[in-house]
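Colleague: Structure below; questions to follow.
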Amino acid sequence: MTNIRKTHPLMKIVNNSFIDLPTPSNISSWWNFGSLLGICLILQILTGLFLAMHYTSDTMTAFSSVTHICRDVNYGWLIRYLHANGASMFFICLFLHVGRGLYYGSYMFMETWNIGVILLFAVMATAFMGYVLPWGQMSFWGATVITNLLSAIPYIGTDLVEWIWGGFSVDKATLTRFFAFHFILPFIIAALAGVHLLFLHETGSNNPSGLSSDTDKIPFHPYYTIKDILGALILILALSSLVLFSPDLLGDPDNYIPANPLNTPPHIKPEWYFLFAYAILRSIPNKLGGVLALVFSILILALMPFLHTSKQRSMMFRPISQCLFWLLVADLFTLTWIGGQPVEHPFIIIGQLASILYFSLILIMMPLASLVENKLLKW
């Protein structure tokens, strides 16, 4: 008799995705982040669901309802901090996952990569709207500043901003719709992640060498299930440590002050995972130029397959490209640091140089380095 997992319509999908899936035998721990992102998403949906049971999306009561969750709800503080810091872990895994894709040339799977870029935008939008919900000072002013960027769009900008606000400023209507969008988007993300996996399983996984692994495949279970469980335990350990020992480490103290439209905080800045993009935005003196640079700083990922000039897929055997890749990583750390600093000398010029370097590395230096490496192959 054939095993039920190979015949049952639903079990068959699970079997072909997580059990009998032929997987390259040499994929490293850098391939763990897909499953970790799945765990993060499930955690965020569950904690978010329980938070939504006690949260009220009204300007008068939003801040108080979050305080009520932390003080009066059983383990409410734990759920709230798991959700807030879970977002940070989500982005750490996302950045490492994207970095892995860039290093090993996984972007050559075009459909998988493009859905990944859409997923990145969706997660960033979700995180931004979630940050507005506690209705603290940084929530309110962050929402005001970021939504206001759309006013830079010629002709329709101002109308567009007022349409998103649902009025002439960030107010009750804005908070209510942000809560609605923040609730629905994770389910859209889950669906997109399913499509992401669907396209990945059409081609099979890439591997560190960038060479075809068709001749050497092993079943996903038990080899990679046990490996993913180890990754999950490390993720849970890191998240638990953050939540239980320093839950406010990555947050902004200003968000413990209720939103006040009459008092602007001295330094408006987003959560740490947006700082690199925020630094690029601020480094351009022109409003529309800054917005375009901000969008393009993420959208540039979609161009990666077209900027690939090397004869090899992976960077494993390309030392010049490796150096430039790690320079790009260092540059992103620099941009993240600058994004959290006030707009004054010398931070302005450092931010501008780091922004120029970011685009130069991706658009000019890395494709040229690949061409040089192609020549070295012949030499």
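Cβ atoms here come from the backbone N, Cα and C positions, even for glycine.
It should be emphasised that the depicted structure is a prediction, and the values quoted were computed from it without experimental measurement.
Below are the features listed in Swiss-Prot for this protein:
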type     : residues  : note
BINDING  : H83, H182 : heme b b562 binding site
BINDING  : H97, H196 : heme b b566 binding site
BINDING  : H201      : ubiquinone binding site
TRANSMEM : 33-53     : transmembrane segment
TRANSMEM : 77-98     : transmembrane segment
TRANSMEM : 113-133   : transmembrane segment
TRANSMEM : 178-198   : transmembrane segment
TRANSMEM : 226-246   : transmembrane segment
TRANSMEM : 288-308   : transmembrane segment
TRANSMEM : 320-340   : transmembrane segment
TRANSMEM : 347-367   : transmembrane segment
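Walk me through the surroundings of each of these features.
Modeller: A sphere of 10 angstroms centred on the C-beta of H83 (heme b b562 binding site) encloses 21 other C-beta atoms. For the recorded site, H83 (heme b b562 binding site), the DSSP three-state label reads helix.
In sequence order, T112, I115, G116, L119 make up the list of same-chain residues 6 or more apart from H196 (heme b b566 binding site) whose Cβ falls under 8 Å from its Cβ. Annotation note: H196 (heme b b566 binding site) sits in a helical segment as assigned by DSSP.
H201 (ubiquinone binding site) falls within a helix when secondary structure is assigned with DSSP.
Residues 30, 33-34, 36-37, 40-41, 43-44, 47-48, 50-51, 66, 69-71, 116, 120, 123, 127, 130, 235, 238-239, 242-243, 247, 250-251, 271-273, 301 of the same chain lie 6+ residues outside the transmembrane segment (77-98) yet bring a C-beta within less than 8 angstroms of a C-beta in it.
Sequence-distant contacts of the transmembrane segment (113-133) (same chain, six or more residues past either end, CB-CB distance under 8 Å): 55, 57, 62, 66, 87, 90-91, 94, 98, 101, 106-107, 139-140, 142-143, 146, 174-175, 178-179, 181-182, 185-186, 188-189, 192-193, 195-196, 199, 270-271, 273-274, 298-299, 301-302, 304-305.
If one looks beyond the transmembrane segment (178-198) by at least 6 residues along the same chain, the residues whose Cβ comes under 8 Å of a Cβ in the stretch are 17, 37-38, 41, 44-45, 48, 52, 55, 57, 112, 115-116, 118-119, 122-123, 125-126, 129-130, 132-133, 143.
Sequence-distant neighbours of the transmembrane segment (320-340) (same chain, 6+ residues past either end, Cβ-Cβ under 8 Å): 99, 102-103, 269-270, 272, 274-280, 282, 310, 347, 350-351, 354-355, 357-358, 361-362, 365-366, 369-370, 372-373.
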Colleague: In the structure shown, which of the binding-site residues H97, H182, H201 has the fewest other Cβ atoms within 10 Å?
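Modeller: Minimum Cβ neighbour count within 10 Å, taken over the binding-site residues H97, H182, H201, occurs at H201.
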Colleague: Spatially, which candidate from the binding-site residues H83, H97, H182 is nearest to H201 (ubiquinone binding site), comparing Cα atoms?
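Modeller: Nearest in space to H201 (ubiquinone binding site), counting only the binding-site residues, is H97.
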Colleague: Take the C-alpha atoms of H83 (heme b b562 binding site) and H97 (heme b b566 binding site) and report the distance between them in angstrom, rounded.
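Modeller: If we compare the Cα positions of H83 (heme b b562 binding site) and H97 (heme b b566 binding site), the gap is 20 Å.
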Colleague: What does the structure give for the C-alpha distance between H97 (heme b b566 binding site) and H182 (heme b b562 binding site)? Integer Å is fine.
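Modeller: Here the two Cα atoms lie 23 Å apart.
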